Amino acid sequence: MTETFRLTLAQLNPTVGDIPGNADRARAAWAQARDAGADMIMFTESFLIGYQPQDLVMRPAFWAEAMEVCEALAADCADGPAIGMGCPFHDGRDLYNAYWILEGGRVRGHILKQMLPNETVFDEKRLFAHAPPQEPVKVGPLMLGIPVCEDAWWPEAVCEDLARKGAEVLAVPNGSPYYRGKVETRHGVMRARVEETGLPLIYLNMVGGQDDQVFDGASFGLDTQGELAFQFPEFDEVIRHIDLQKGDDGWTIVPGDVVPARPAYEADYRVMVQSLRDYMGKTGFRKVLLGLSGGIDSAIVATIAADALGPENVRCVMLPSEYTSQGSLDDAKAVAENLGCHYDFVPITGPRDAVTETLAPLFEGYAPDLTEENIQSRLRGLLLMAMSNKFGEMLLTTGNKSEVAVGYATIYGDMAGGYNPIKDLYKMRVFETCRWRNANHRDWMMGPPGEVIPTSIIDKPPSAELREDQQDSDSLPPYEILDGILEGLVDKEHSVAELVAQGYDRETVKKVEHLIFISEYKRFQAAPGARLTMRSFWLDRRYPIVNRWRDKT
């Protein structure tokens, strides 16, 4: 008789710090696995505490509670499938990123993570001890090798060691956050592990937003030839039962549905929606507001907010001055009406005149300059924050990555707010994202379908409208040039010489480099936002505020 093994995979969305809530979700998923006749249910890396916990996990009271709850979970789930649970483990001396095996009402053992990532958004060497080589674990008829996340990303290391020790299948619990193209990257790395070991591999990833990061799921299985045996949807919570069979050549995964990965623009947009939705839900906010200027950045942020939270939970506020064009007034109102959001009209002329009059004696003899422009932006921030406090609605900021990079924003003005969905989206991609959203609608979007962003917004030259006839190109290179330089300097760490060799003007590159460096202090005070690339502005890129160095190549 053919030996079989049913493995339930829980691709779920935990909340950092909600240990009891995550445990309750685990119990409910375990009950589904039990009812489906599963031999084991696997949860993702650090599921019980949420991921990433950062320095929170080093608090003794925190990891002690997590361990206590995990032991209670084992006792509660005695009569049914074994459980693989991500939870920290302290051995009396060191703290480990661990994967607990629970079966028969007790803790059978702990698999300790060996390879600790210390790059991009990860600082695990700061948090956890490095573990020695681990052993496979036998669950029912199956000898299971469990490399924890990063353990499977290293060639000729943990996975090969587990195979030598008798592992028959590799099952990898992960907390792997999204960046553009990440699904294909994972496939390539895991195929290399299959080729090295000759074993089928199951890759389980979590979903959901945590601060700036979104975990995109897309859990999958590879057969011994490296071909996809199944793939779960990206971003969606899924509990599914995977069957394995043992034949003459060992264990194989019974093929299932392969859900294809989303195209880049759709995946990016889903990340921006999901990050805002989870940031709001996990912090307790229900409603947002934003300044709707009639420009493209605030238009796409309003659309993301409507898709994430529902139009009824989004307040759009137009705060015009005498420099606000009639086109912007019309466009802003059209966006709010198209989306079905609440729309407020709050002119800043009166408050601006009051500030001007108050400062007139001090500013006598000084010509108008950037100061007067920034007063307008800061008054808008003041009024929006007042509404945020009064109505209990979180203020969204709307600066794109191009502006964040070069500091084209007013600190304590349009930078005021709690979250920025487009923080990692360059300006040229903002244009394309608007076009994509106008042409596409998905069932996870809570906003209406159709052309919600008027083409007049997409087609007009960008402007802050803080002075007469102002355009962004007065202060910055054209965005198609600026974004190319920024991708080189920020995303790829290219030198000035490399960019000049690519055809960019040296003086322009040096100007952009200077703006990036002198704007570091603004980014330290900027709202968090959705991470879309491997070089987003926060944990991915850590530069000093005080810095006199400039590239002389």
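Cβ coordinates come from backbone N, Cα and C, glycine included.
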Listed by TrEMBL with Gly291, Leu292, Ser293, Gly294, Gly295, Ile296, Asp297, Ser298 as binding ATP, from among Thr185, Thr398, Thr410, Thr433, is Thr398
I'd like to confirm something. Which of the recorded positions, Lys113, Cys149, Ser176, Lys182, has a Cα closest to the Cα of Ser293 (ATP binding site)?
Lys182
Could you tell me the mean pLDDT the prediction assigns to the domain 'CN hydrolase' (5-246)?
98
What's the CA to CA span in angstrom from Lys522 (deamido-NAD(+) binding site) over to Cys149 (active site, nucleophile)?
34
Distance check, please: Cα of Lys182 (L-glutamine binding site) against Cα of Cys149 (active site, nucleophile), rounded to an integer number of angstrom.
14
Including all protein chains displayed, how many Cβ atoms other than that of Asp297 (ATP binding site) lie within 10 Å of its Cβ?
24
What is the Cβ neighbour count of Gly291 (ATP binding site) at a 10 Å cut-off, with all protein chains included?
28
